[in-house]
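Annotated features in TrEMBL:
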type     : residues : note
COILED   : 350-380  : coiled coil
DOMAIN   : 305-358  : domain 'HAMP'
DOMAIN   : 394-610  : domain 'Histidine kinase'
DOMAIN   : 631-748  : domain 'Response regulatory'
MOD_RES  : Asp680   : 4-aspartylphosphate
TRANSMEM : 21-38    : transmembrane segment
TRANSMEM : 284-303  : transmembrane segment
Amino acid sequence: MPGLPLQPKLLHQLGSLRLRLITLILLAVLPLGGLTLWEQRRHAEGHLVEAGLALQDLAVNTAREQAALIGQVEMLLAGLARAVPPAGRAEAGCGAALDGVIGTVPWLRSLGVHDAEGRPLCAVGVPVALDPALVRATLASTRFQLADRASGAPGLPAMLAFQPLPGSPGQPRRLLLAAIDLAGLGAATRPPHPAGTDAMLLADAAGTVLARFPPAPELIGRNLHGTPLGRALTGQAGHGQGAGFLGEQRLFGFAPVPGTGATVLVSREIEAIQASIYAVQTQVLLLVLAVSLVALILALLAGRWMLLRPMDRFAAAVRRIAGGDLAARAETGRLSGELGRLAGEVNGMAASLAAQQAALEEKNAELARLAGQLAAARDTAEAANGAKTRFVRMLSHELRTPLNGIFGHVQILNADPGLTPAQRRCAEQITLSGEHLMSMIRELLDLAAIEAGKVALAPAPLRLADLAEEAAALIRPAATAKALAFGVEVAPRSAGWVSADPVRLRQVLLNLLGNAVKFTAQGEVVLRIRPAAGGLTRFEVSDTGPGMTRAERASLFQEFLRLAGAEQAEGSGLGLAITAKLVRLMGGTIGCDSAKGQGSLFWVELPLPPAAPAAPAAAEPTVLPLGEPLRLLLADDVLVNREVARALLNAAGHEVELVADGAAALDAALSRDWDAVLLDVHMPVMDGLTAARRIRAAAGPRGRVPILAVTASANQAEVEECLAAGMDAHVEKPLRAWELHNALASIRTRSLATAN
């Protein structure tokens, strides 16, 4: 059983189920992965916001702690102000007391009493030089005051706290000074668990960095204005991100130190924050990937057990069915749902295919029986057609033999100068009747050859204008005899060279023109050649004859058909049928436009490709007069043919010896010298072809004697057989004196030229 059309598609679908299952699982897992990535990204963005808020909170707390420490300084100075003796009393002893205080507070770098010019009266710790203008501005008030930095301690960032001391009228004014170590103050308020990239800045109201933790001396004194960190100098708490002093991207929070104009700024590198975020994301993604992989494996195992195994069984059943085992069935077992329905469909398909196969085998048997009948009918038809063809050829041969006697004797009579005019008219009527009979024989032979498929086209370059004139020259005498106008119109675009079979195309034109002249009593016949659509060439033959009805036109190209009223016209009724078959053989179409009483227009459209002009044909040698009588040998098995041929040849002055078969011709040809040998093709004892071959096989001049075939067949195949057997030319029966004379002159001329 041949492979079923369903097999490749179904097996392909079954084979791709694994891939489809994996695809479905991935389609389920991929959205989870995408959702996880989106959530991680959103979490990262939220984490950055949370980190900024955390840094802001840290900056606020740090600022509060700074404010609380400054408050402690204010309380310390207020207490010392009450303990410092009035001006002029034991100021030298105050140093020990101040020294005891500074030793208990690590972030105090200097503590002392200064006069109104800023000169130290009693001081401990790092010396501090004060600006007298700053001192006078401070003494203008009695309240605790802060200044930004001290100028007397190079490299030591410090904040100055002043407390004017009370004094009696007339006594010099004094103030108590405390220099706060900003680095120490920042260390005291740094985050309890700082990250590795955390940093804390303390900047004054002008934006100048006063302190940094971890320590970075190169940054002390830098100004925040003009940098992304300058946004912190707003006097309000907040957070943001931007480039630090060293160009690294940082997240920062900031808050003002209450009561001081200073700002605390806490920052952290964004890269460090993102690193922690990425670490968490990586862990989450790895977890999702692991879970997805486990889910994929579990799904494949489950799919293998629940889906792929049953589908494999289905595929095996389908393969068996496709291989011709229509009894195979898919196992249904415990299957239900879609798989159960699929198994049922497969089994139903197998049952249906089995029924169809049985019906197909029955139909094939019936077709085989019908094919045998058709073959027998074809063989019968071919045999009948072959018999018809053989009969037509045999009929042609048998008709030509008596016609040869008729034509021959008529030609002898016509050559007699003693005939009366009445006798000569009778001889002419016999000749015309014979010619008409010969044309009918030729048409029968053409029809038989076309139907047997033995007509082969021989395309050659030809000029359509020349072809039209040649056809017109043959038909014009008949038109003139009936007083008909005859015209030829060739369009300039159709007058050139084309590729076509000149013999068959001329036959088509002559048939159409001959019919037009035959059926036209008065008026004109015109041949037109012009281009047609689609690159075709159109031939038209119009006449002013009686015209035809539509019913008559419908059967116009049938064989042996003669229209009503055409009984008086000569013809076999085959001319148009042969013409139509030749047109179709040349790849064209033929038709007729006509109306009763309005004449007819026959048209033919042919595909004639352009061709290069043919090379000028070499001039054929002029047939020379024989000059002297010839000694001729003639072989023919029919007595009347021998007598007619001898009479025609004797009338031309030739000496003729007659034999009745090919064997006698062979003996005579090889025993004497002859100027030419005339052989009939079909003879008893030995045919003319065999005799010609044996003559050509003989040595010496007698083997080269000119041989002329005399045949009653106009079959091209037989003519080619004659030439292949060694004959030089041929003439057809019935014999015509002028044809016989020209053929003898031609072969005799060629023989003499070869000998010379």
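Here, residue 1 is simply the first one shown, and the rest follow in order.
Using the three backbone atoms N, Cα and C, a Cβ is placed for every residue, glycine included.
Across the domain 'Histidine kinase' (394-610), the model assigns an average pLDDT of 81. DSSP assigns the residue listed as '4-aspartylphosphate' to a strand in the three-state reduction. The DSSP breakdown of the domain 'Response regulatory' (631-748) into helical (H, G, I), extended (E, B) and coil residues amounts to 58 helix, 24 strand, 36 coil.
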